[in-house]
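Colleague: I am attaching a structure below and will ask some questions about it afterwards.
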Amino acid sequence: MAGYDVVVVGGGHAGLEAAWAAAALGVRVALVTVNPDRIGMMPCNPAVGGPGKSQLVAEVVALGGLMGRAADAAAIHTRVLNRSKGPAVQSLRVQVDRDLYALKAQEILAERPVEVLRGEVAALWVEGGRLLGVRTVDGRTLPAKAVVVAGGTFLSGVVWYGRKSRPAGRQGEPPARFLSQSLKAVGHTLRRFKTGTPPRIRADSVDFGRLEVVPPEVPPGSFTGNPGPHAARLPTWQTRTTARTHRLIRENLHLSPLYAGDIQGIGPRYCPSIEDKVVRFADKESHLLFVEPDGLSTTEVYLQGFSSSLPPELQEEMVRSLPGFERAVIQRYAYAVEYDSLDPTELTRGLQSRLLPGLFSAGQVNGTSGYEEAAAQGLLAGLNAARFALGLPEVHLPRESGYIGVLVDDLVGRGTDEPYRMMTSRVELRLLCRADNADERLTPLAVAWGLRPKEDLERVEAKYRRVAAELRRLQALRVEGVSGLQWLRRPENTYRALAERFPPSEPLSPEEAYQVEVRAKYAGYIERQERLREKMKDLEAFRIPEGMDFPKVPGLSREAAEKLSRHRPKSLAEAARIPGVRDSDLTALAVHLRRGA
């Protein structure tokens, strides 16, 4: 029977990247989704990037992914957040046209031979402990060597409007009704998580004159170096909740399915609903909200920071309690969605199931929240699914390589009891793993893995040769009694001013000039983090034999033995990141390993 090398289940941000990456390796790929017209759709905020997230997108771009291209092509407003802080935490956020983003994502996907199939996957096709493909609700059998599950919030999804609920993966779309049972049958542990989305407001019902305007930056930023034609087109706005907003929420918490105990799923700590904010931060008089256009021609605005599961009739009052929204008309109500997710500790660092070879998963089904986290996982899962189909060994990104490495290491090594969100604070080497140098860090791997052509690496290498040459020139240059590099390290000095006084033989591009300035000004911090990276590599090189009997290791605490037995780390570095494993436990384990255990 003719079949596929890789079948991807789901057409969201994880599924898109999985299919795109798998197809790069030349294997036959099918993407199965209930509604192909909704591929790449943004069910929540119409934006890509932000702190911790733009770094993920930069790494996806460096690895040949499509999210950055689609975001740039659909951009309508861009800003760099944390610009007043250091380069490690500066983060691009790109507001996009929601419909245009999905269209561009679909157009990019069509550049590779991915067969898009309409349908709902009902079950994994497993015989004799071997994965053979998937079966659909309408009775089709799709043979495949590898399967990537990227079902988002659709696995046994339920949406909530107040105390009322109905089965759905998101508003107006049916859930994946049967796939959860198939994953359980394989032996996977499923948990219930929950997320939510704010109301959409009719733009002509908002008094924008009462809102604070946030203009787009000019020139606009971009993830790929190619800003779209509308990237500086529209502003966004800000407003705040009021005492009346908070009173309405407090007086009606009994109508919230979360506070009434109807929702069992755990919600995202770092993206709370407005009722969560009012309860958890009771001392705050108001909360900042962002009013974002949904697109160039849409009649809706998105009320970021106002997600809710309270009843629609109460949402009307809540929204109209906001300055500028006194006459607001809600076009689509806020709601919460509860869904099944896997325990990511049951996965390898290549996002393959430890229980069923050839089964991969990515995105919210792995316990994360956010488009960017989903895209990063999708790329890695799709790459490894294709490699599995070709009989090649699994690859992964070590923690010290960047944000994707940290994301996967946290999920697989530590697990998560709530929807996981990437933040810059999670990354130990964030000064080395900036968004601006993702191309230098990851393009060599992308080329080696077949995700990008060799010519891309040649361009990146040429760029950083020019940067290195300019740093050498500045070291030899004398400026006001010191070297050019020492002069540039002074806070008040800039590379632009230095290059105007002592121009290089060939001008650097803005990206190259930025690299020179960062490497000069932060040289001491960079050297310190490079030493930390070497220490992390040393721990990573300290391998732990498969099947080690941890309870028999002398000096190991009982808690550590239990945690190590559960997580089965492959190195001392992985063991060090498991909660409950102390330094004394690592010392005992290292001594045991040195003795040849």
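Just so you know, glycine gets a Cβ as well, placed from its N, Cα and C.
According to Swiss-Prot, the record shows the following:
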type	residues	note
BINDING	Gly10, Gly11, Gly12, His13, Ala14, Gly15	FAD binding site
BINDING	267-281	NAD(+) binding site
Colleague: According to DSSP, which kind of secondary structure is Phe281 (NAD(+) binding site) found in, if we only use helix, strand and coil?
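Modeller: It is coil.
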Colleague: Around the FAD site formed by Gly10, Gly11, Gly12, His13, Ala14, Gly15, which additional residues qualify by having Cβ within 8 Å of the site's Cβ center?
Modeller: Val8, Leu16, Glu17, Ala18, Thr33, Ile39, Ala150, Gly151, Gly152, Ala362, Gly363, Ala374, Gly378
Colleague: Please report how many Å separate the Cα atom of Glu275 (NAD(+) binding site) from that of Gly12 (FAD binding site), as a whole number.
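Modeller: So the alpha carbons of Glu275 (NAD(+) binding site) and Gly12 (FAD binding site) sit roughly 28 Å from each other.
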Colleague: Quick one: pull the CA-CA distance for Arg269 (NAD(+) binding site) versus Ala14 (FAD binding site), whole Å only.
Modeller: 22
Colleague: Using C-alpha atoms only, work out the spacing between Val279 (NAD(+) binding site) and Gly11 (FAD binding site) and round it to an integer in Å.
Modeller: 36
Colleague: Which three-state DSSP class does Ser273 (NAD(+) binding site) fall into?
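Modeller: Ser273 (NAD(+) binding site) sits in coil per DSSP, no helix or strand.
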Colleague: Between Gly11, Gly12, Gly15, Gly267, which of the binding-site residues has its C-beta surrounded by the fewest other C-beta atoms within 10 Å?
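Modeller: Least crowded of the binding-site residues Gly11, Gly12, Gly15, Gly267, by Cβ count within 10 Å, is Gly267.
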Colleague: Reduced to three states, what secondary structure does DSSP give Gly11 (FAD binding site)?
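Modeller: Its secondary structure by DSSP: coil.
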Colleague: I need the CA-to-CA distance for Gly11 (FAD binding site) versus Gly267 (NAD(+) binding site), whole Å please.
Modeller: 23
Colleague: Of the binding-site residues Ser273, Lys277, Phe281, which one sits closest to His13 (FAD binding site) when you measure Cα to Cα?
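Modeller: Result: the closest of the binding-site residues to His13 (FAD binding site) is Ser273.
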Colleague: Counting other Cβ atoms within 10 Å, pick out the least crowded of the binding-site residues Ala14, Val279.
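Modeller: Candidates: the binding-site residues Ala14, Val279. Fewest Cβ atoms within 10 Å: Val279.
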Colleague: Quick one: pull the CA-CA distance for Cys271 (NAD(+) binding site) versus Gly10 (FAD binding site), whole Å only.
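Modeller: Approximately 24 Å lies between the Cα of Cys271 (NAD(+) binding site) and that of Gly10 (FAD binding site).
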Colleague: For the binding-site residues listed here (His13, Arg269, Lys277), tell me which residue's CB has the most neighbouring CB atoms inside 10 Å.
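Modeller: It comes out as His13.
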Colleague: Between the binding-site residues Cys271, Ser273, where is the Cβ count within 10 Å the lowest?
Modeller: Cys271
